[in-house]
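First the structure, in the form of structure tokens, and then the observations on it.
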Amino acid sequence: MLQQLKDAALKAQKNAYAPYSKFRVGAAIVAEDGNVYYGCNVENAAFPQGQCAEASAIGTMITAGATQIKQILVASPNDDYCYPCGGCRQKIAEFASADTPVFMLTASGECTKTTVSELLPHTYSLPEEQNRG
Ligand SMILES: O=c1ccn([C@H]2C[C@H](O)[C@@H](CO)O2)c(=O)[nH]1
Ligand SMILES: [Zn+2]
């Protein structure tokens, strides 16, 4: 399954639209339905409108009808691990559990693992009565 995640993230990374930063990122998710969803970063001339690879993968997962991230992997364009940005940590936490694995893959193939709670301790969420209908 980890190999499938890597392959999907690398496939997505090839399609990254990053003409401004030149920093091409791919992300892939294993969801509760067993499918792998993937996405790339999509930048914009209006810089704040750019979207991270993780957000693209989450959007694809939700669009397909899955709602739980079981594993997620982020593929970096260089030999440093690309840890999700703060905004993506919150986006991942919305659809994951504290112990959900988050993998990072470098361009040379090194891979490391952390968890959602390590990336985002004390996660913000709404009170129960305001949650998801
Ligand atoms: O985890 C990350 C970090 C950065 N980026 C993107 C955002 C931007 O397009 C480019 C440079 O920050 O990389 C991602 O997609 N995921
Ligand atoms: Zn991000």
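Even glycines carry a Cβ here, placed using N, Cα and C.
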In TrEMBL, Zn(2+) binding by C85, C88 extends, among C40, C52, to C52
Across the domain 'CMP/dCMP-type deaminase' (1-127), DSSP labelling yields 41 helix, 31 strand, 55 coil
Excluding C52, C85, C88 themselves, the Zn(2+) site's Cβ centre has within 8 Å the residues A53, E54, A55, P84, G86, G87, R89, K91
Across C52, C85, C88, listed as binding-site residues, the smallest other-CB tally within 10 A is for C85
Same-chain residues at least 6 apart in sequence with Cβ under 8 Å of the Cβ of E54 (active site, proton donor), in sequence order, are A27, G39, I72, V74, P84, C88, K91, I92
